Amino acid sequence: MRHPRQLAKYTLTYLGTAGLTVLLASAVLLIILVDNYNDTRRINVPLASLTFTTYTLAQALLASAVASYTATRTHSETPPIPELPQAKTVALIPAYNEEGKIGKVIEKAKKHVDLVIVVDDGSTDNTAQEAQKAGAIVIRHPQNMGKGTAVKTLIKAALKTNAQYAVLIDADLQHDPDDIPKLLEPLTQGKAEHTIANRFPQTKMPLVRFIGYKLLATLHALLIKPLPDPFNGYRAFTSKALHQLDKDYDPSYGIETEINHTLRNLPTASVPSKIQYTTATSKANMLLQGLNLAWTITWTWITHNPTKTLLLAATLYTASALLTAHVAILFNLSRYIRLTYTALALTLPTIATTLTAASTIGLTLRTAK
């Protein structure tokens, strides 16, 4: 059974994917219903009821997906940041129940930075104590608020140290702290404001996972920004990038995508770095993670581009109206209902309404920041 926070994390993916699947099913049922009417000149009442119920369910699921998206972005206030020593270069580590691992990460990271800051995101083990013993400054969240909020706290902490450079690294030993100098080099040389580790030159990946990752990277390139390894959490920032993140970063479960979008106009460099996968990933989890990333990329684009999204929605509404008129005209001439046109005329408004709601909510939330 999944942990409640995991269920919350994937709510948008579950509801959105289910909504689109049921919407497609309702379109298929509608085509069958219309085809049956054209043949018999009678409406199949049970089939019509099933089609209407399925269509209504699709709308409810998509509306719930938009609501769940809103909920992920309304409880992200960070706790007060304590006084911190000044440092030129800092390592930032979000951590949740990483006892037995985080100390090793800190010990290695200290060799390459002036200060290590850990945000203990409501851990129930000895993560905080182990981090302090290893020499890190620990900021504790009173409860598990999610990695996105932990990263937001770390960004504010880094700015409070007046750091010129900051490195974001995971606490689970997947990232090699000895690669920190490689991540910092393009920044210190003035070649970039943001660097991202690139796992592909040095990390072996199963073929299915590699293909899926490349498809998602292509979607990211189309909607956000072309990057060799856009979903890698191991990265570094200049002070300029940190200030940009502090201003515009919107914590969510799509952390890497959100960072990439926030810093899309700043020069970004890619640095080879091997990832050590610490746990095996099942095919079911791999599919779920892939769907989650696809939704995250799409939703990020929708909510950050309200004008384009509303224009797309208006286009879909217009297309639906024209298709409805076309179906009516053809029916008056031939007394037959066109299958595909009818299905599209009824399906497109649901998609358009979802786009309109998501973009409007996204714009409202960002305006209220």
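Backbone N, Cα and C atoms are what each Cβ position is placed from, and that goes for glycine too.
Database features (TrEMBL):
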type	residues	note
DOMAIN	92-204	domain 'Glycosyltransferase 2-like'
TRANSMEM	12-34	transmembrane segment
TRANSMEM	46-67	transmembrane segment
TRANSMEM	310-331	transmembrane segment
TRANSMEM	343-365	transmembrane segment
Proximity verdict for the transmembrane segment (310-331) and the transmembrane segment (343-365), three or more C-beta pairs under 8 Å: yes
The domain 'Glycosyltransferase 2-like' (92-204), counted residue by residue under DSSP: helix, strand, coil: 42 helix, 26 strand, 45 coil
